[in-house]
Each structure stands twice: as structure tokens, then as C-alpha cells.
Amino acid sequence: MAVKVAPSLLAADFGRLREEVARVEAAGADLLHLDVMDGHFVPNITFGPQVVAALRPHSRLPFDVHLMIEQPERYAEDFLAAGADLITVHVEAVVHLHRLLTRLKERGAMVGVALNPSTPAVMVEEVLPLVDVVLVMTVNPGFGGQKFIPEVVPKIARLARMIAAKEKQVLIEVDGGIDAATAPLVVEAGAQILVAGTSVFKADKVEEAIRALKEAGKGVEVCGRNADRH
Ligand SMILES: O=C(CO)[C@@H](O)[C@H](O)COP(=O)(O)O
Ligand SMILES: [Fe+2]
């Protein structure tokens, strides 16, 4: 499968969100990554479902909503109603994860589970049959423009092996500090969706930045086989 690129709106100009979405869509983005932060789970606050709903009519891209909030079970359905296609919750933020994922799947959503850099891969093993995506944070969540944490790469490979053993299609998404230099490392370990904020929105040429991320995936076999090297 070709690597997909999900520009993170966190690095966009918040005064011109609609134009910024159009800019990355025209430049070849595959999904739009929307970071929701509550000032509790992470030390930063972004936006709520109203912003997602306001952007929804202006883009054909699948909306990939990354909830960095406590008690996501209180708000996840509001984001679905606002137009999220894929909704991702942090395993560290939910007590009854199986219940929440089941409820969201029943609503027809694509669902993801996210892991902070310090959270082991095994924390998602029991819910793999319920999810479409595992989001591996390659920075500590809360801010854009942080430095990629290379120690997370072996966890991507472990997850890829875990998924291959279950014979269920689950995509691995990576988020934080992804650019043309770090993308090959995560793709080789098994990542299939690359979230990129700074390296896309702050690039001189957005189209070239997206192309460079996709190129990073070419010639690298993904998902499981290369994972054995780690
Ligand atoms: O979820 C987050 C941060 O918590 C990310 O989605 C960032 O927005 C990625 O930004 P860059 O590291 O690519 O600048
Ligand atoms: Fe994110």
C-alpha cells in the first residue's frame, strides 16, 4: 500500500483555515488531520466540533480527528456528527476503551487508538479487532513543531508484527516531527499514514513537501516484514 499523507491543521494559519485546507488538498494530501486539545490531557487548547463542522463542507478529504482530551467518551459522538471520518482516542485517556470503540463502530465510524511515546504497544493488543488505525505518537502530544523521538521506532515495528499476527487490516499512523528525513525510518518500521504539520504547512512548496513524504515510502516494504529487523 502506498504511504498516505495527513497534513496536521495545527501548523496552519488559524486565521485562514478554509484556504489552508484547500491548499493542502490541492497539493495532494490524502487525509486532513485535526488535533483536538482540551488543556487537561495535554497542556494546550485548540478547537472543538464547531470548527470541524465549519470546515466539513469545504473539503472532500477524509477528516482524521485526533482527540487529545480527557474522557473522550463525552465528546467523540459530537465530532462524528460534525463530520469526522476517522476518530482517534488516546488509550491513556479512557478507562472503558472497549466500550467506547464498540459504540463508535456501531455508529459506522472508522476508529483509531493513539499511544503516547511512553505507552507500550501491548496496550492496544486486545482492541485490535475493533480498530482501523493505531496512531503512534513520535513526540509527546500537545504541540506542533517538536523534535521526532527516535526511540519510538521499534514500537512501530512491534505493532506491525502484532497486527500481522492477527491477520486483520489495521493501519499504523505516526504523528510528530515527521519530515522527509524521519519518514523513511517510520515507513520502514511499518507506518502507512504520515501526519505532518510543520513540514507541510511551513514548507516553501507544499506540493513538494507532500511528494517528498510519499517518496519516502517508495522502495520501502511496509508492515511486518521489515519489522523483523528491529
Ligand atoms: O498531535 C499532534 C501534536 O500533539 C500533531 O498532530 C502535531 O500537530 C504534528 O505537528 P508536527 O510535529 O508535524 O509539526
Ligand atoms: Fe495529531
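Placement of Cβ uses the backbone N, Cα and C atoms for every residue, glycine included.
Here TrEMBL flags S8, H66, G142, F143, G144, G145, D175, G176, G177, G197, T198 as substrate binding site. According to its DSSP assignment, G177 (substrate binding site) is coil.
The divalent metal cation binding site feature in TrEMBL is assigned to H33, D35, H66, D175. Taking the Cβ of D175 (substrate binding site) as centre and 10 Å as the limit, one finds 26 other Cβ atoms among all the protein chains shown.
D35 (divalent metal cation binding site): 24 other CB atoms within 10 A of its CB, across all protein chains. Per TrEMBL, the feature active site, proton acceptor maps to D35.
Per TrEMBL, active site, proton donor is recorded for D175.
Sequence-ordered, the extra residues of this chain that approach the divalent metal cation site, with Cβ no more than 8 Å from the Cβ center of H33, D35, H66, D175, are A6, S8, L10, L34, D64, T88, L135, V195, G197. Between the C-alpha atoms of G177 (substrate binding site) and H33 (divalent metal cation binding site), the distance comes to 14 Å.
Calculated from their C-alpha atoms, the gap between H33 (divalent metal cation binding site) and S8 (substrate binding site) amounts to 5 Å.
Highlighted in sequence order, L10, A11, D35, V139, P141, Q146, V195 have their Cβ within 8 Å of the centre of the Cβ atoms of S8, H66, G142, F143, G144, G145, D175, G176, G177, G197, T198, the residues recorded for substrate, and are not part of that set.
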